[in-house]
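Q: For reference, the structure I am asking about is given below.
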Amino acid sequence: MRFKSIQQNIEDEGKVNVREVNPDSYAERDHGYTAGIFSDAEENFGITQQVADSTQNPTSKPKSRHAHFHETVHENPSEYSRSKCKQPTNEKEYDKAIEALVAKAIVEEHSGQQFPVYKGLEQYTLLQKMGDGAFSNVYKAIHNRTGEKVAIKVVQRAQPNTDPRDPRKRQGVESHNILKEVQIMRRVKHPNIIQLLEFIQTPEYYYLVLELADGGELFHQIVRLTYFSEDLSRHVITQVAHAIRYLHEDCGVVHRDIKPENLLFDSIDFVPSRVRKYRAGDDPDKVDEGEFIPGVGAGTIGRIRLADFGLSKVVWDSHTQTPCGTMGYTAPEIVRDERYSKGVDMWALGCVLYTILCGFPPFYDESISLLTKKVSRGEYSFLSPWWDDISKSAKDLISHLLTVDPESRYDIHQFLAHPWISGSREPTFPATDAPNTAQRENPFTYDFLEPEDVAAAGSAARTPGVNSLREVFNISYAAHRMEQEKIRKRGQRGNQGIMNFMGDMDDLMEENDDYDDGTKSVEHSMKRVNLSGENDPSLASRQPAQSQQQSSQRSRNKFKGFQLNLSKATLYNRRHRQKV
């Protein structure tokens with residue numbers, strides 16, 4: 001009965017609208033009562049399913065899935081609930097929806113863009129592919145009746161394995177993993193978190209219908225703008241922090257995968273800068289970030305939205321308000337486990353802040369093993385000249401987030417109270433293990449390739465270097481999650497009772513499987529992409545001969561401390577060529 005508290009919590013908060021689509025008729029099933037026809041494991045997550053009446057007319061017009069979802073979810077309204085669907089109330093709104101569909105159909109007809117036909121999504125028209133993963137695709141779509149634009153995550157269900165060499169291997173995502181993500185997403189309602197609108201399943205796929213953030217990924221804006229100003233960085237990271245605070249303190253959830261790819265944004269109108277400001281080492285052709293408007297944003301970046309809860313887990317139960325235990329009887333080991341779990345998100349917050357301020361991640365190496373070692377040891381630096389013009393207060397804040405010891409790392413309340421965030425003029429101090437911000441890096445030469453102007457984030461995201469950078473983020477965060485898991489398990493040794501209890505929680509969250517499978521997948525992806533660029537003819541052709549010789553020479557040299565070969569990372573190519 002280890003699932004009892006979470007099960008009760010879900011029942012108290014209301015049911016998730018889960019729709020099972022009949023593969024024969026694909027008619028809408030909506031009978032008005034729920035029955036648990038999932039397996040026992042699925043029921044333990046508090047997920048219910050709509051069951052069809054055998055006498056239902058398969059030709060009857062289906063109701064709006066969105067309308068039924070909100071009837072169910074808003075039995076207990078939340079102050080953060082703001083995800084009501086746009087329901088046309090007059091002929092004019094219906095005309096607009098139809099016009100949008102026709103316009104898009106014309107565009108697609110001329111572009112020749114085609115999408116798979118997914119049974120169960122007949123009420124939606126797919127407009128654009130926004131991203132993909134090993135077993136999933138994300139599409140921008142429009143609801144055929146209401147005209148509401150949404151994002152739909154299409155996840156392939158695990159199918160029976162036909163490979164006799166590995167009978168345990170299954171292609172696709174297991175039901176308990178996707179249902180865990182759904183269970184967590186339906187609990188959270190916050191303006192800085194993408195909302196789950198509907199969950200649909202067929203024999204082949206799971207469909208997560210999500211709110212659409214029209215700006216796309218923050219990652220693409222880092223590529224486009226190279227880096228963000230301190231004002232825009234503060235605007236972005238503060239919103240992410242508020243989402244984390246809500247998850248940690250109000251929901252008892254840790255995200256465990258906070259990175260630029262999973263930070264989406266609502267776009268705003270661009271206002272050109274009245275006076276352009278440049279930092280040392282900037283390319284004169286750097287894209288204008290635009291005028292920062294307090295409370296609104298800059299560079300088309302408005303409201304930030306946290307997405308993708310595939311690696312999330314619950315660390316405490318809302319009934320006891322304590323970390324996974326009974327009030328007043330919680331062992332120190334479990335309290336520390338909650339601290340370690342939340343610390344993973346705070347570390348990631350520091351990585352994101354570092355990256356958006358300077359344009360590259362704090363941990364980088366072409367070797368996966370060396371990269372993971374640097375992450376586990378916290379070996380980073382504020383590289384000159386790119387950090388020379390960034391305030392000491394910002395560096396101090398980052399140092400408190402990237403400290404190796406989770407007991408010393410800032411929690412979300414300390415982060416939000418820091419002078420750089422709050423805007424106070426109080427003096428700030430670095431963490432005890434922070435790098436020396438006054439020391440200049442070892443005097444070796446950075447050679448940059450001549451950059452090609454990136455006209456749009458979409459084209460930039462398809463370059464080999466950008467794909468490599470994505471994998472650097474993935475490896476860095478996976479390595480840190482595993483390191484924190486080792487620390488947590490070491491702290492549990494010697495107390496078998498606690499080990500058994502936490503073992504149950506591990507089973508509930510499948511966190512060990514997440515770590516192992518996720519890391520193997522990322523390492524495989526890393527091996528497929530070309531981190532170095534040495535074998536990429538398109539990069540080699542743009543690199544001057546002298547640069548190639550110097551790059552080869554640097555690979556034979558040994559430097560102490562943090563090593564970063566900037567000539568081989570495409571994101572850096574947008575920076576001005578300069579000798580340090």
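First residue shown is number 1, and so on along the chain.
Note: Cβ is positioned from N, Cα and C throughout, glycine not excepted.
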Q: Record says Met130, Gly131, Asp132, Gly133, Ala134, Phe135, Ser136, Asn137, Val138 bind ATP. Source is Swiss-Prot. Which of Lys92, Lys96, Lys153 does it list for that same site?
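A: Looking at Lys92, Lys96, Lys153, the one Swiss-Prot places in the ATP site next to Met130, Gly131, Asp132, Gly133, Ala134, Phe135, Ser136, Asn137, Val138 is Lys153.
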Q: Counting other Cβ atoms within 10 Å, pick out the least crowded of the recorded positions Asp132, Asp257.
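A: Among the recorded positions Asp132, Asp257, the sparsest Cβ neighbourhood within 10 Å belongs to Asp132.
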Q: Helix, strand or coil for Met130 (ATP binding site)? Use DSSP.
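A: The residue in question, Met130 (ATP binding site), is strand (DSSP, three-state).
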Q: Where Val138 (ATP binding site) and Asp257 (active site, proton acceptor) are concerned, what is their Cα separation in Å, rounded?
A: 17
Q: What does the structure give for the C-alpha distance between Ala134 (ATP binding site) and Asp257 (active site, proton acceptor)? Integer Å is fine.
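A: The Cα atom of Ala134 (ATP binding site) is 16 Å away from the Cα atom of Asp257 (active site, proton acceptor).
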Q: Counting only residues 6+ away in sequence within the same chain, which have a CB under 8 Å from the CB of Ser136 (ATP binding site)?
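A: In sequence order, the residues whose Cβ lies under 8 Å from that of Ser136 (ATP binding site) (at least 6 apart) are Lys153, Val154, Val155, Gln156, Val173.
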Q: Going by DSSP, is Ser136 (ATP binding site) part of a helix, a strand, or coil?
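A: It is in a strand.
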Q: Using a Cβ cut-off under 8 Å and a sequence separation of 6 or more, which residues in the same chain sit near Met130 (ATP binding site)?
A: Val138, Tyr139, Lys140, Ala151, Gly216
